[in-house]
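Per Swiss-Prot, active site is recorded for K10, D136. Annotated ATP binding site per Swiss-Prot: P94, V95, A96, A97, G98, L99, A100, G101, G102, S103, S104, in sequence order, evidence recorded as sequence analysis.
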Amino acid sequence: MKLLVKAPAKINLSLDVLGKRQDGYHEVKMIMTTIDLADRLELTELTEDRIEIVSHNRYVPDDQRNLAYQAAKLLKEKYQVKQGVSIAIEKTIPVAAGLAGGSSDAAATLRGLNKIWNLGLTMDELAELGAEIGSDVSFCVYGGTAIATGRGEKIEHIKTPPSCWVILAKPHIGVSTADVYGNLKLNRVTHPDVDQMAEAINRGDYQGICNAVGNVLEDVTFAMHPEVARIKTRMKRFGADAVLMSGSGPTVFGLVHHDSRMHRIYNGLKGFCEQVYAVRLLGERETLE
């Protein structure tokens, strides 16, 4: 059996870190939403008992470092699946960009193999398994828009934000999430109001959403990589309604309501940044269909 699965990227509209936990993870409170930028995975069932990762992107590992590989391995071991799988990954989401590309690939693998191997797992069960792989995988199983707490694995779904353009700009660097969290000093940062963002989304208040964006990790990444701060400044200057770094970076996104302004910002960033995208907010939840 062969199955094609989409793995959409996410952005953080609001991201706060509340403290460090005894297990070494950080306690977070954040709002994530999916966007119309996606990897495509082709899952092909194999008769041999092996997991194969195929990708033409040299930054995508083809072994157990790959989160899609880990997802397949987890299902095989937990449910004693004897068949193997070939996972062909067509990367569109930039790697190590703060957009959950690897986590979304893992989530898509969980959803797809649940169907191919007739495991009959619910979305909640898949999300619980996803938490064993990575903090963002649970959200990526569902997609849509949600408040994530704990280390990111506790998901509360909220309404979809009003539709708008999202301009993404990624410089030619990768950022280590562990390094960013390691340099975070919680008593020296501005904490965003995540509840205010949730209320604005539930009201369908686009201006309120723009006013409430915030990411406690921004200043840390900006200090480590000043070019990320320069992208934010440039995007603001070209007229984005709101600008924020996603996750631990280095990708910066801008929310834009009007087509003409979107084109101006997009063109103003091309050449200044290695990768620039203009996509739409998705906000739709995944299904098991």
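Think of each number as a place in line: the chain as shown, counted from 1.
Cβ atoms here come from the backbone N, Cα and C positions, even for glycine.
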> For D136 (active site), what residues in its own chain, 6 or more apart in sequence, show a Cβ-Cβ distance under 8 Å?
Replying inline: K10, M32, A100, S103, S104, G152
>> So if I measure Cβ to Cβ from G102 (ATP binding site) and keep only same-chain residues at least 6 apart in sequence, which ones fall under 8 Å?
In response: N66, L67, A68, V95, G134
> Just counting, how many other CB atoms are there within 10 A of the CB of K10 (active site)?
Replying inline: 28
> With the ATP site defined by P94, V95, A96, A97, G98, L99, A100, G101, G102, S103, S104, which remaining residues of that chain have Cβ atoms positioned within 8 Å of the Cβ centroid?
Replying inline: A9, I93, G247
> What same-chain residues, at least 6 away in sequence, bring their CB to under 8 Å of the CB of G98 (ATP binding site)?
Replying inline: N12, V175, M245, S246, G247, S248, G249, P250, T251
> Can you tell which of A96, A100 has the most other C-beta atoms within 10 Å, given these are the binding-site residues?
Replying inline: A100
